[in-house]
Every structure is written in C-alpha cells, then in structure tokens.
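To start, the structure under review is shown below, and the notes come after it.
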C-alpha cells in the first residue's frame, strides 16, 4: 500500500520537476509543456462539478447578461455575430484516426515487423542470387511473397475486427435536434438547431428535444425526461423557480439533448454546442483515454517474448554462421528461417477467433461484447462498480412492508409474485386494503388481462403503481372493486397537503355511510388521526400507540423504504346523507380526527438473482462496489439486501451506534463496510479516497454525481484493480470509457452509454455479469492452452535450422513447410482449444493478478520450449534420419555434407552404398525429408493438442471426447497434412513430396511419450501441490 | 539447447539463471535430456538394425542415372586453358590422372574379363566379381601416349561417366553422344568408338558387395578447330540408345545428360 502511495507522490514530484525545467528550457520546450499542462487542466476542470449560476439570476438579469430581450429575442445581426464567435450549436466530432493509418498500424503491429524483415531479406537474397545467376533463386522470391501475404492477410483480418467497434461520437451527434422555434427580431422563426446562439429565446413544447442548455423563463406544465443525462427515468417537472443550488438539480434549467415530455416552455439559451452540459460530458468521454485491455497487455508481453527469442536466436546464429565461414547470403537465409520458425504466424488470428467465439457464447447469455478484447477483461475484473437502479434492482417500486395491528409484515417483492403470504385474516387488513384500493388514481392500461400482474403497464406514478399492483395481487380485480365503491369526491396529492383523499360510497348495500380514505406522508396522516385501528377496533391514539407508530415508521424508513400512512373515516350517515354535496375546494367534510389504519412501505426491490450473483462475485474474489445517486439509507438497505454489505459487517456509523460513542472515536479499520456520501467525496483528497477503497471491503457510494463516478473508477484503478463499471445514462459514459470494461444496460441504457461501453447487458441484469466473468476466466485459461500448444512446435521448427547450421546436415525442413504448419495444420486445433471446458470451479478462485499471473509465464514458455518442444524435435529428427537412411544416406554420412550437398555442380554425390546422386535427385530426397519432418510434427501436435486440453487434471478426468471440436481439429490437422502430402505433392514451389505411408507412424511412439510424460507431470502436480515440481511445471 | 537459452530474451535468461542456480532444475534437465538422448540413440539403433548393409531399402529416388564428367572444373563446368601454357591445364591433367589411377592395370588384377555386350548378372553369387575396364579402350585419352590428355595439342579429353546406381540394368545399346551447338568449331571423337558403354558392367551391386567395381567410362576428345580458338564452345553429352535411361528431364539437367563449355586459347 505504501508503495502504491509513493507512486502517486512521485508522479506529482515529477510534475513539478517538469515545470522547473520549463523555466530554464528553451522556448520550444516551454511551449510544449504549457500545452501539455493546459490539456491536463482541462481534463481536471471537466471532472469538477458543473458550474453555472444562470439559474440563480432573475429574468431581467439574464436579459442583461446575454444582451437579449425576452419578448423580441436577439437581432439577426447580433445572432450572426455570436454564431461567428461561438461556432455552431453542435458537438465537435472527435479527431478520428484516418482509416488508412489504422490499417497501416495493423500492418506493422505484433509479429508483422519481424515477418516484413524476413520478407525483405528474402527479396534481397533473391536479388543477389539472381545477379549471381544461381539455379533456383525463385524460392526466395516466393518465400518473400508468402511472408508478405501472411502479414497483409492477418493485418486485414485484424483491421476488420477493429473496424467493427463503433464510434462513440456517432450517437451524440444523433441526439442533436433538427429544428428549433426561436424568437429573433421579434418574430418567431423555425431555425436549424445548430444555428442557435447564446441569448436566443427558444420555445419548446411536449415532444421536442431541447435544442441547447436553456434557462426557463416561462413554463406551463412542463416536464422533461432527463434520463439520457442523469439516468433518472421519471419525468421531472420544470418551472421558472430557482429550486436548488446545483444547476443539475434546479428546476429552471432544461438541458441540451433531453426531451420535453409534456407542456410548453420558453427560455433563454445559455450554452451551446460543446459548452453544454452534455457537450462537456461528450468531450470528457472522448478525452478519457482508452485503457489498454488486460488481454492486449498480455498479448503484447507475449509478442515481445517470442520476438525477443526470435531475434536473439536469429542474431546469435547469424554470428555463429558467419564465424563458421558461411557466406553472408547463406547466413541471411538462415536468419529468415529462424525468424519464420520462431514466429507463430497464425496465433494472433487464432486468439481473435477464440475471443470472438467466446463473445458469441456470451451474447447468448445476454452479454453483448462490442470490443473483442473485453471478453477477457471481465474475467480479470477485480472490482465491479455497479449502478443500483435497474441493475441491482428491478427498477420499479414494490410494496415491501406493511404495519398494522402494531406489527410489521413483510411482503413478497420478487419479480413474478402471484400471491402475498403474510397474514391477511385481521379486520385491520381488510380496512387497510380498502384504503389502498380506493385511494389510488393509478389504472391498468386496458387490454392486458392475460399478462401477469407484475408485467402490466400502469398509468400513474411509481408509488401508486406499486400499490395498485399490490392490491391487484391480493384482492383480484381492483377496477371492479373501485366500480362498486363509487368515488364521489377526490383531492389528488399535492406537495403542500402531502396527502391524497377520496370519498366513496361503500359496496355494502346496508351501510349508507360514505367512506373517506386518505393516504400520505405518515407523520401528516397521523396528525389528522385521533384513533388507531387495532385488530379491527378503533382505539384512542394515546402516546404509547403513537410511540409504536414512530418506532415502526423509523424502522421502515431505516430500511430505505418510502413509507406511506393510511387512514379512513366512515362519515356519519345523518350528517352526510346520500345527496350531500361534497366540495373539495371548501373541504366541507372532516379531515381530522380520522382513524389511523396502517403503514405501507415501498422500495425498488433487488432483482431476485442479484444476491446470488453478488455472493458468486465474492467467492470469485471480486469486490462489488455500489455507486448510486440515491439516498444513502436506501442505498445501504439495498446493499444489505443483495449482500454487497454482508449481514455481519458494520460501517463506522454502525459501530458508533452500537458502542454509543461519537463517530470520530471509532477505529476506522474495524469497519469492513462503508457508505460514502457524494458530498463527503467532493471534499476528499485522492489519498483519502484511496484509503477508503483500501480499508473497506464493502463500499457503497451514495448521492454521487457522474463526475464522481469517474473519480471512483480512477481510484480503484490506482489500487491496481481491473475495474468493471455498469451504467446506463449519458452521464455514465466517461466512467464507462475510463473503466477497464464498461458495461452498459441494454434496455435502460442510453445510446451514448452503449457506445462508450465495451459490453452491453441485454437484460440489464447484474447476474449476467457473473456469467461474463466466468466466460472471461475460461477464455484466459484456454488462451494459455492455445498459446502453449502453438509455441511447442516452434522448437521443432527451429531445431532443424540450428542443427543444419551446426552439424551441416541437409536441410530437414523448409521455410514454406513451416508456414504450412503455422497457418495450415495448426490453426483449427488451436481454435478448438477455445471450446475446452473449465478444469475446476473457476469462480472459486481470486481474479488473476495483473502483474503476476501472466498469460504466458516462464513455466509455460520453458515447458513448451524446452521439454515438449524438444521431445517433438527428437521425434521429427528420427523420421528425418529414417527417410534418408532408407534411401541410402546413413546418419553418419549426413554430418558435415551441407556444402557438397547443396552444390549444384556436384552431380555424382555418393551415398553410403556407393550410389551416385545428381543435385536434383538430392533435392527430391530433401523435399521428401521436409515432408517427413512436417508429417512428424503434425502427428506429434495431435498429442500436444490432447495434452493441452488440461493444465492440471488428467485428460481422463476432463474427458477425451467431451470437447468434440478438438476432434474436428485433429481430423482437420491430419486431413490437411494428407492433402498437402499427396494432393499437392507435385507442386514444386511448395516442396511437398508424396511420402511412404509408414513414415507417418515413425513419430507415433514419441507422440505417445509426450502424452504419457504430460500425464505424469499433471499427476505429480496434483499429488504434490506447492512442491518444487508444481512450481516449475505448472503453467 | 544451451544455445537456445542464451539467445532468449531477458525474461527467459533470468528464468534460466534461476534454474541454473537451483541445482534441482539442473539435475532435472540433465536427467530429462539424458533420457531423450538415450531414447534418440536407441531409436536410431533400432532403425539402423532394420537396414541391410548391402543395399538401401528404397531406390525410387534414383531410378535413372545422372551423367558426370572428369575433370570437373571448379567453376561450373567450364574449361578455360591455353594449349601452350602447361600450367593452365595442369589441374585438369592431374585430376584425370588421379581419376584413372583406380583403372590402372595393377589395380585391376582381381577383376575378370567379362563377356561383352551382355548384362553380367551375379545375383546368385555370394562374392560379386568386377569386370575389367581396360584403359586402352580410352585410346588417345588413356593418358598413356599423351600425358597431357590432348590438352597440349588442342584436342582436350573429357571423361564422361554414368552415375552408379545399384541394380540398374540398361536396355539396348547405351552410348554417349555429344553435340556442339556451334557447328564446325569442334570435331568430337569417342573412345571406345561411338561412345559405347558395354552392358557387361551392369548391374552394380553396391559398395560392400561389389568392392572393386569400376564404372565404364567414355572419353570424349574435342578436336577444336584452329580458327575457333578464343571462342566458348558449348558441348552437350547425352546418353542414347537405351530406352530406360532418361535424358530429357525438364528439371534435372544432369539426368542422362551433361552440358559443359570449353574455351581454348593459344
């Protein structure tokens, strides 16, 4: 931890050093540095809260500030002036890299450089040989062309994959409204929205998109849908009043790109284009650097490793061959061979295919992956910053608790409830249910009788909807109950009364009394009551009962639930006869001394799959952090109910409460959980945030703003964590982009969020992330297997060159032949390993450590290169020597013959039996040797493929036939080898020769040996975990 | 493998160093590679046991013989010499002399005289006899009369031989025939006459069974026209008259034929 912190400091120190340097540096450097600082500052600025004060100003002050008139608007001339100054009201698209640059980048990335070098060397040696008039210089020309083709084709493949991912800004530009109604020169005009300037007076009506950031000066029933900006799904009313310090919360500002749902409004444009709130978020998103994905880092590491091996062996043997007095030209040709043998040409394409296979599999499980590499990122994730609403919760209010007869009852909050299990026998419940049913304006949209109650669409606000559905579930047809209890008068809920009231006839034909029902804020309701119903009987509301009410109210409130109180009164028949004219304005009926019946509390309940998913994350070593804009109490309650804060852990405040000491005295380390308020976060230093993230294992951030989400993500990343972030609003997009993997919600998510994200959850369900994690971990393991498989044969391809140089034997395998292994026989089997099932419960281990658990570690490289690879080489050499010996060249005669063997002028080369060979006859034999070597590698790669199915378990535990694709791989491998050997055996350029059938079996004993050896290795690893063997042999 | 390790990048080098210092891994690789080496040796031994020491298992790669000449200049089959400068052809002469040493009568004491014109089949005989090839058959190119093999007279000799292939039995009447692209520049004489290769020298039974075997030779004497000196003369020799000896292969320029150049100065 200390180390990490010092890292942070050192960065700062370096920063000041840079500044000091600038002072003494020359002009150019100064300029450069200033520019750099400016950029940095801009990013910091953006992270701060939006600063605006226009919502505090009065209309006349605004007129003055923007030099406009509310009635006449700007003059066209003035508007043109401002337009020239500020630019059009549109978001600047980000600078995109030209396609050709992207393409060229693919051409030089990865192993491409090495292969280009190989190709260029090939052409150089072709040129030299051609000039010297050698007999067959075209081999090198072909080789160069083939190498170039390999690079170009893999480059095109990679480019195509990259081009699939979409542009973030595209969706932002889609949000721009087309036309706006503007007052200019005292006339109303339709203008293209991008012509708007600051100070314009704009009129909006229901259905319009807000054309710019607007300070409202006149409204009529105006409501806006801010969901694309803040993620809040409920339409918010807009007025001209300054209601909140925070410009994002105040009612008198409407934001660019949000929608006006109903009503009309007029306002002054206060910000346009990139200076609007959404514009700033957009620029923040494109300003946030895209982090390299963990798998990209791993692949880079792997490429460096292999390229390092290739170059160092190549150079080493170049030096050796030069000092062994080989011609420089020959040495160059050796170098090409060594590079080609060392580079797994097909591997990067294989990795891409494996990732896209996993992506497809994940898409079936509702995780749509946009960026292929993100497939694995989810597997390495160590922290998930999750939204609450919609992701962890069902995103709808549901009745969770009831309080009547001095007792709290729990209600079922699951997604598909059909009954309610609590005790409904009390007459108090009958009374309460009547109020719930009647005192409610929400209605089902007609024509949904066949749908489950929970899925029906309701007209009404969230609480009323919850109550309506609750009543419908318990009582059945609510609408007919309402019809039987005709409503005679009603006062809808308003913010001053804080209650809702209605008066009904009763459905009891013998009871001619009217029933007055009321619901509202519990304390307001209680004020109006003098009695309370206990077990169906009205009892006076004494202080003891009021105390009981308070306790219940506090308890339910403490659960983060929205509590409503319910009361009723049967109006005496004599005072209120049938014909009594109820007047809601004068309230000619009693609204006090009512009878209190009970409380109902509602919450947006967690999805039923979430607690399980959270506990899975926990056992998988993933920390789940909740980041929400909600109230801390609600947030904490949900966190507790889904297990983000486990039952036993306490926050500092909890401990303080339990020990009855001030919060300051609590040892912060004792608290495992923390609930951090956005307000506190605002004043925190980065160090304090780091401390919180480090010290608490269970964290909830409440009342956070979008910018803070970004800060939290960065904080987590400073801990070295791989961070996944979920989000749905536009405001989430910077954090989604910044995260190692951004997860947008498919249903609730805005386009911008989906664009910024690497992954989209089609069902908005947190549990789907867990599936994703599992797939991600599996693909990491399987890629290890794929790479181990691919690297192994590189040694069998390399050894021939080394021994050829050292022992001067005829060339055992040709460069083109190697390419046929790398890009032919080996491709399908290495993809097949991606289909391998997990060896053990991958969800029970910790996420991999980014720094320690490499994709390609020493053990993997050493085991593949120095053990299995060498065994393969031995097997292949046996075949090679067999072919030569059976044709007349015993092994002893082969040593040191290279120069004569390759001499075109020697056409009576004597073999071990006294026969004489022409050069061409020798070449045919050499190509037969190539083919034999190739076939042997292929046969042993079959064994290699089988052993790579598992890293620890026995193949028999894993099941030899469970992964059918492996068998497709094996058959394709052998099939391709057969076609090459017998089908294309007469194409000279390919250097394949039809081979005697028995040579296919020479390497079989070695293939079996490889299998047996690997089984022994795995057995010892399982038997002696942690032993020397385990440490050195487990990759 | 040591070389491979040295050539690995920093990470692997480090790993290898760690390995070297922990003796156990060193021991492991010692045992591991020791085992592999033993296995390799054993497998090779088994493979060699299946082979006959007399005759290779397969001879399908050399179904038809190639032609070769002696002397063979270092630079791709091109003869350059000055007939009046003994030094310029000394190497050719000494090569020829050395080549013909094994054909010396004293070396052929064990060889028998075979019946000319017939395949000398010895399949049933345990000890294969070699047929005598009299140097005198090479006439002026035998080196007996003219120690310079004609080089000093402007009539250089080149010996053409057919590659040894075990079991090869030529059909018909094989002979070497040479042509020059440039007509009239050179007159070609053959020893034995018409460049005939006698069938009695076939088949060959391999180095171990047929120890004293001498392959038949055809000497080609090029009488270069005195007005054609200083010009490069291209000669192509082919084996003719035998249907089972190929001489027209597209790819193998030495299968049953050979081309060389001669340039003589005075």
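Along the chain as shown, the residues are counted starting at 1.
Backbone N, Cα and C define each Cβ position, glycine as well.
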What range among A:895-911, A:997-1013 does TrEMBL record as transmembrane segment? A:997-1013
Transmembrane segment per TrEMBL - which of A:302-326, A:377-401, A:402-426: A:302-326
Which numbers of helix, strand and coil residues does DSSP report for the domain 'Cation-transporting P-type ATPase N-terminal' (A:53-127)? 48 helix, 1 strand, 26 coil
Out of A:141-160, A:332-355, A:860-883, A:966-985, A:997-1013, which stretch touches the transmembrane segment (A:813-835) the most, going by CB pairs under 8 Å? A:332-355
Between A:302-326, A:332-355, A:787-807, A:927-946, A:966-985, who has the most Cβ pairs under 8 Å to the transmembrane segment (A:997-1013)? A:927-946
Could you check if the transmembrane segment (A:927-946) is in contact with the transmembrane segment (A:332-355), meaning 3+ Cβ pairs under 8 Å among residue pairs at least 6 apart in sequence? no
Considering only the recorded stretches A:141-160, A:302-326, A:332-355, A:787-807, state which has the highest number of Cβ pairs under 8 Å to the transmembrane segment (A:860-883). A:787-807
Here the mean pLDDT of the domain 'Cation-transporting P-type ATPase N-terminal' (A:53-127) is 83
